[in-house]
């Protein structure tokens, strides 16, 4: 059929109307969709199996019963984790459990050293115990934190080449070392089986394995750092890399941490080509530059010791962590029985292979720090590493080939019937390419309307997807499909030339669309652009195979139903690899972000964030369906849109009905996917008041259920604490106080009513009943220079029976004892967090402050004072042992614990706060 008219498009409406009617008669729609969906399901099933597959855990004691060789054993690691997290429990810096953890590690290391000494060719085995005092600046969440620490503990082991009789050449293997780091302390709210009992246990068993090997021929030494203060904002790693004698011999670092309890460990930070190449030696690689790029954005409100080693040691290295099921991360549920069998084996074997390679086969000198590297694995089957320069060339070359192919398609189509000139065909491809870009945008944007609807004040169904990572697919993806397919439907009605065969045109346009995105993202220099390149390669390959081998060659005949130009096998060739690759990446993203939303703060629009992620699932999860949706014409597409819309409405109705009651499928929380609460018994030594402060770490609305129960039990009103007042209540966990939603309840009436001490009910103030001892601040070496207007003094703190302390003040500081950091040049509020190791009660802070001109007369006579607010955490371990300081015989944390629902997890604190004029 030939078009007539001046521009060859005058009769297109009539032609396409008849073509649409013909497509309505095309049979096999159900079978065709069933095949396409089957391809997607097959790819997802295979991807799921490989993505979550773990090696079989070794259950022997570290020696293979068949070969007799020493090897890593998960059983040994689990024994260590069980002792640390289940027997000792919460190993908070400054507590006796922290000291007991260090003693356990020292004993195990001593035992391994004795065994190693009996083995010929075994490495030289050195041990150091470092106890250090220092300070540093730590920026997180856009806030500056000044950190000081006193007598924190590090345990250091070095394995190096064996000592021989001929040492004339010196011990050069000790001049270059790879550092392996983990921490044995825990955060306030968790016994830390994985964070970081996993890293500690893995390192300990690797020491056993390597210390019993023949080290003849090893080039470098391995230093193992068991650091005792990471959760206090990385104090112990700072102490090692800035003050230990071995620091200058360290050339690279392998950091091991955890933010989950199950699954494979992931390589999520790397800063050198050589270290990523070393990671290729891992038997079960799992890492992607996408994780590296996401982590650098700051969206994940966390950090690891890796930062200290890079910032202060200028080291190259890699950062690895167990990350799945992070619902339990930093909660009371991070215990041994919740670890997944095989997870420790995966982490241990990978770490062992990497550091053994670095010590044996690599020159650690001359490693260059760079972020211009592309790396990724495909389901652990293989691991790719190449430079950004190579990636740039490959990706841009692919773009050129893709557009050359589209040019070929346009030219070839112009030579066939029905005749259409090249300019019209080119416009039709531009049109369908733009439609795919808009479909992608719609699939990301429209699910946010579902999020806004569910979180509206009328519906109040926040975070209905939280309890299971895949729920977002059910709740948001239908709207994503509706947006993607809806744009395709709208383009039927928009002006401009369209394809004679829409399915064929849109399929080829997907090559053009992804080539364009690859081009733009490559220009930005973002290494994660490789994922768009992968999509382009798969789509281009499938389109070429379809064009040259599978496409129907029957000519279109008037009044005859045209044959599809996209073969069903083309969908298999494109869908299977695309869905397979996409699933691997999206599983990692979802497994990180869905649980993370439970601790992103009360102001973060988490429902919107998750809706966008699952909108992407809708578009990319079965990408070739964007072409297939046209196979049976416009009217069939309208039916599909109707079905999707009905499905979305039905799901929303179900969420509304079941999302408001614990136990309902859309209720956000349950015992294993809990809501995070912070509860603090705050005793104000200045005012004599005592409060229970309650804070939440997410946007879920069900805090009111908890507050109503507390209000009923304590018989007092709940006071909301917004803004700076609420943040001051939580100075004990600064700067995390900035994203907690705060409330408080006066405990004085309850204590008076329930105390077994008659004096308490009659006391004017409860301050005299607060149990001590109390922290004190005193000023020493106080001088004032009238010429400069600077007052210099030292603050001494004594806080027996307290652990973490925080002092905050406002002023124009000109000098201080914080190391390697200059004060700001203008008056500002400063927060100094301090931690002391077990057995230490005091610390000192030196300040030099410019006195305001209006107060200098007072300063000259020693009458000018600064205001300080001092908060100290009590050492009693309520979370682990149920201990707390009673007021009049009443333990308020115990009262609160009995009230809380099972779907909450709590970080318990008990603090004393006092204002000082010094």
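A Cβ is built for glycine as well, from the same backbone N, Cα and C atoms used for every other residue.
Under the heading domain 'Peptidase M28', TrEMBL lists 173-354. Confidence across the domain 'Peptidase M28' (173-354), taken as the mean pLDDT and rounded to a whole number, stands at 95.
Proximity of distant same-chain residues to the transmembrane segment (394-411), defined by a Cβ-Cβ separation under 8 Å and at least 6 residues beyond the stretch ends, is recorded for 422, 425-426, 429, 508-509, 511-512, 514-516, 518-519, 522, 529-530, 533, 536-537, 540, 543-544, 547. For 394-411 (among others), the entry in TrEMBL reads transmembrane segment.
Residues 461-462, 464, 475-477, 479-488, 491, 498-499, 502, 505-506, 509-510, 512-513, 516-517, 605, 607-608, 610-612, 614-616, 618-619, 626, 648, 652, 655, 659 of the same chain lie 6 or more positions beyond the ends of the transmembrane segment (432-454) yet place their CB under 8 Å from a CB of it. The transmembrane segment feature in TrEMBL is assigned to 432-454 (among others).
The transmembrane segment annotation in TrEMBL covers 474-492 (among others).
The transmembrane segment annotation in TrEMBL covers 504-524 (among others).
Taken from TrEMBL, the feature transmembrane segment applies to 530-550 (among others). If you look at the transmembrane segment (530-550), the same-chain residues 6 or more away from its ends with a CB under 8 A from one of its CBs are 289-290, 374, 376, 391, 394-395, 398-399, 401-402, 405, 409, 507-508, 510-511, 514-515, 517-518, 521-522, 565-567, 569-570, 573-574, 577-578, 581, 585, 620, 623-624.
Annotation source TrEMBL lists transmembrane segment at 571-596 (among others).
Sequence-distant contacts of the transmembrane segment (608-629) (same chain, at least 6 residues past either end, Cβ-Cβ under 8 Å): 32-33, 36-37, 40, 44, 436, 439-440, 443-448, 450-452, 465, 472-473, 475-481, 483-485, 488, 503-504, 506-507, 510, 535, 539, 542, 566, 570-571, 574-575, 578-579, 582-583, 586, 589-590, 593-594, 597, 637, 640. The feature transmembrane segment is assigned by TrEMBL to 608-629 (among others).
Here the transmembrane segment (636-657) has Cβ contacts under 8 Å with residues 23-24, 29, 450, 453-454, 459, 461, 464, 474-475, 478-479, 481-482, 485-486, 488-489, 492, 629-630, 664-666 of the same chain, all six or more residues outside its ends. Residues or ranges marked as transmembrane segment in TrEMBL: 636-657 (among others).
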